[in-house]
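The next block holds one structure in the form of structure tokens; read it before the comments.
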Amino acid sequence: MATAMDWLPWSLLLFSLMCETSAFYVPGVAPINFHQNDPVEIKAVKLTSSRTQLPYEYYSLPFCQPSKITYKAENLGEVLRGDRIVNTPFQVLMNSEKKCEVLCSQSNKPVTLTVEQSRLVAERITEDYYVHLIADNLPVATRLELYSNRDSDDKKKEKDVQFEHGYRLGFTDVNKIYLHNHLSFILYYHREDMEEDQEHTYRVVRFEVIPQSIRLEDLKADEKSSCTLPEGTNSSPQEIDPTKENQLYFTYSVHWEESDIKWASRWDTYLTMSDVQIHWFSIINSVVVVFFLSGILSMIIIRTLRKDIANYNKEDDIEDTMEESGWKLVHGDVFRPPQYPMILSSLLGSGIQLFCMILIVIFVAMLGMLSPSSRGALMTTACFLFMFMGVFGGFSAGRLYRTLKGHRWKKGAFCTATLYPGVVFGICFVLNCFIWGKHSSGAVPFPTMVALLCMWFGISLPLVYLGYYFGFRKQPYDNPVRTNQIPRQIPEQRWYMNRFVGILMAGILPFGAMFIELFFIFSAIWENQFYYLFGFLFLVFIILVVSCSQISIVMVYFQLCAEDYRWWWRNFLVSGGSAFYVLVYAIFYFVNKLDIVEFIPSLLYFGYTALMVLSFWLLTGTIGFYAAYMFVRKIYAAVKID
């Protein structure tokens with residue numbers, strides 16, 4: 001068994017690997033070279049809000065539309081994310097300035113919003129919706145300049161520039177609602193080095209926007225769709241009254257700036273984290289947890305187990321040794337098959353399926369092969385990998401089921417292929433019905449749902465059956481001791497051996513090893529933030545695997561010392577105890593970080609959180625179970641049994 005020092009070289013290797021790969025970026029698309037005055041298309045992605053968790057497509061609001069609306073063909077991940085990428089009427093030319101242009105205005109007439117349209121726009125503004133646009137596949141960002149005091153005299157301040165994804169649809173002030181009806185686009189380009197006789201080409205490397213609200217009376221528009229912006233602050237914002245019709249102009253301006261940023265580094269603006277030190281603190285905290293558990297394991301194995309096994313193997317004092325060491329007393333029952341072996345093996349098979357999928361996704365993303373420029377690639381890859389990993393889940397479930405004296409392999413394979421995926425599909429279908437009712441773009445379209453079902457029954461199910469068949473035919477795990485025909489009576493257990501107490505005790509340390517990273521993951525999921533520190537995430541995942549394995553071994557050792565041989569289900573449940581703390585943290589995050597008050601957004605949050613907790617429990621429970629199973633087989637194989 002590995003000690004704390006055994007993990008040191010591996011930790012150093014992973015640290016170096018993470019440092020080398022955290023900034024590594026493999027583009028998902030080829031660069032586009034623009035010439036002077038080439039059109040740069042501005043597309044809309046969706047509207048999002050952390051208060052409602054319901055995305056909407058861009059033209060669900062009365063924005064100006066082009067003569068022909070064209071939606072981009074999307075992959076599975078984009079559809080599941082609620083993206084609906086569509087063209088817009090913004091006319092942007094490479095390196096060509098525009099001071100002010102009016103959208104969808106005919107003969108110098110403003111746009112009139114009906115009462116229903118005004119009510120809808122006002123509702124979206126009060127719900128704090130953001131608009132997401134892209135130019136050359138780069139998402140638009142709003143620059144935020146934050147000032148922090150460096151000295152106690154408050155004279156020196158440091159400017160911290162951060163970027164907010166998308167731009168706010170509008171704002172409220174003293175019970176009045178205002179719409180951002182003017183967009184100042186700032187696009188940065190990098191001039192490519194060319195031969196002397198060749199024309200210069202440009203590449204877009206950043207896309208910013210400054211949203212403004214300008215009242216109709218303060219904008220001067222002419223018949224050529226040009227307009228004049230008010231100077232300085234001599235203007236009032238455009239109010240939206242939800243109880244009546246509103247007239248306004250939709251306008252925009254374009255400004256170009258040359259940048260030293262190269263095309264390969266253009267995503268750094270969105271992916272660079274200002275709180276990397278917090279991630280390092282998380283890693284150090286996690287390593288300390290692993291070393292602490294390694295120390296406990298070393299003490300158990302070196303001092304206790306080695307001494308117990310040596311004493312037990314002495315032929316002249318077997319009876320006395322058995323009386324003083326509880327874990328050896330249950331050698332005839334420790335491998336007795338548990339209740340419901342089919343369900344246990346099915347859940348563990350799904351856990352193996354999840355483990356393989358997550359490990360590959362994080363590793364591939366860490367290498368930069370799932371770049372954010374390939375929209376939806378991460379989710380698409382995860383879905384397909386989970387289906388194809390069914391062969392490994394089926395194989396492990398089939399072999400374990402046979403080890404537990406199971407005989408109905410076809411039923412077991414069906415249970416493995418449908419139990420966990422069926423629960424996930426059922427919850428998602430119910431939540432999707434509510435999303436459909438809100439006419440959100442986050443609702444999975446019916447054809448996509450049919451396609452997912454076809455992939456489930458056409459790919460995942462056959463692969464699970466195939467793996468289960470070969471796993472069931474393979475030689476079962478060789479248990480080192482025989483099982484007695486008559487079960488041994490289990491003595492009364494102390495209060496701290498209670499299953500729920502065990503879950504609380506076993507879950508706290510693995511959760512402590514990853515809770516800081518969990519905060520950033522929650523921010524990415526629920527607050528529409530980018531997360532691309534997969535180097536950190538990969539290292540945290542490895543530490544989570546090690547800590548779950550270690551705590552599982554410790555818990556099963558103390559259970560066997562208490563002469564309780566019913567460790568199969570208990571260890572699976574206890575090893576997934578960190579999922580309980582994930583649930584507690586999710587509730588804390590909902591109460592303290594999110595401003596969700598309506599029923600359907602709350603239902604969506606806790607519905608998806610339930611899926612996350614269930615999946616995390618399967619993952620950590622499976623890791624801990626197999627670590628404990630290997631440990632139990634190892635220690636009983638070292639004991640001589642007559």
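Glycine is treated like the rest: Cβ placed from N, Cα and C.
Taken from Swiss-Prot, the feature phosphotyrosine covers Y312, and the record attributes it to a large-scale study or a structure entry.
Swiss-Prot lists 1-23 with the feature signal peptide.
The average pLDDT computed over the topological domain 'Extracellular' (24-281) stands at 85. Taken from Swiss-Prot, the feature topological domain 'Extracellular' covers 24-281 (among others).
The topological domain 'Cytoplasmic' annotation in Swiss-Prot covers 303-346 (among others).
The topological domain 'Extracellular' feature in Swiss-Prot is assigned to 368-376 (among others). The helix, strand and coil residue counts that DSSP assigns across the topological domain 'Extracellular' (368-376) are 0 helix, 0 strand, 9 coil.
Sequence-distant neighbours of the topological domain 'Cytoplasmic' (398-416) (same chain, 6+ residues past either end, Cβ-Cβ under 8 Å): 337-338, 341-346, 348-350, 464-465, 467-474, 476-477, 479. Per Swiss-Prot, topological domain 'Cytoplasmic' is recorded for 398-416 (among others).
As annotated by Swiss-Prot, topological domain 'Extracellular' applies to 438-449 (among others), with the evidence given as sequence analysis. Using DSSP to sort the residues of the topological domain 'Extracellular' (438-449) gives these counts of helix, strand and coil: 4 helix, 0 strand, 8 coil.
Per Swiss-Prot, the feature topological domain 'Cytoplasmic' maps to 471-501 (among others); the stated evidence is sequence analysis. Residues of the topological domain 'Cytoplasmic' (471-501) grouped by DSSP class, helix first, strand second and coil last, total 9 helix, 0 strand, 22 coil.
Sequence annotations record features per position, and here Swiss-Prot assigns topological domain 'Extracellular' to 523-535 (among others).
According to Swiss-Prot, the topological domain 'Cytoplasmic' annotation covers 557-570 (among others). Within its own chain, the topological domain 'Cytoplasmic' (557-570) is flanked in space by residues 300, 325-327, 329-330, 333-334, 336-340, 344, 488, 490-491, 493-494, 497, 499, 502, 625, 628, 631-632, which lie at least six positions past its ends and keep a Cβ under 8 Å from the stretch.
Sequence annotations record features per position, and here Swiss-Prot assigns topological domain 'Extracellular' to 592-598 (among others). Sequence-distant contacts of the topological domain 'Extracellular' (592-598) (same chain, six or more residues past either end, CB-CB distance under 8 Å): 50-53, 128, 522, 526-527, 605.
What Swiss-Prot lists as topological domain 'Cytoplasmic' is 620-642 (among others), and the listing cites sequence analysis.
Sequence annotations record features per position, and here Swiss-Prot assigns transmembrane segment to 282-302 (among others).
What Swiss-Prot lists as transmembrane segment is 347-367 (among others). Remote same-chain partners of the transmembrane segment (347-367), defined as residues 6 or more beyond its termini with a Cβ less than 8 Å from a stretch Cβ, comprise 18, 21, 24, 26, 378, 381-382, 385-386, 389-390, 392-394, 396-398, 400, 416, 419-421, 464, 468, 532, 534-535, 537-538, 541, 572, 615, 618-619, 621-623, 625-626.
The feature transmembrane segment is assigned by Swiss-Prot to 377-397 (among others).
Positions annotated as transmembrane segment by Swiss-Prot, on the basis of sequence analysis: 417-437 (among others).
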The topological domain 'Cytoplasmic' (620-642): DSSP-derived helix, strand, coil residue counts: 18 helix, 0 strand, 5 coil
Dominant neighbour of the transmembrane segment (417-437) in 282-302, 536-556, 599-619, by Cβ pairs under 8 Å: 599-619
Cβ-based contact of the transmembrane segment (571-591) with the transmembrane segment (502-522), 3 or more pairs under 8 Å: yes
Contact set, same chain, for the topological domain 'Cytoplasmic' (471-501): CB under 8 Å, 6 or more residues outside the stretch: 329-336, 394-403, 409, 412, 558-559, 562-566, 570, 573-574, 629, 633, 636-637, 639, 641
CB contact flag for the transmembrane segment (450-470) and the transmembrane segment (502-522), at least three pairs under 8 A: no
Other parts of the chain folded back onto the transmembrane segment (599-619), taken as Cβ under 8 Å at six or more residues beyond its ends: 51-54, 347, 350-351, 354-355, 358, 420, 423-424, 427-428, 430-431, 434-435, 437-438, 526, 576, 578-580, 582-583, 586, 590
Residues in the topological domain 'Extracellular' (523-535) grouped by DSSP into helix, strand and remaining coil: 6 helix, 0 strand, 7 coil
Residue counts (helix, strand, coil, in that order) that DSSP gives for the topological domain 'Cytoplasmic' (557-570): 9 helix, 0 strand, 5 coil
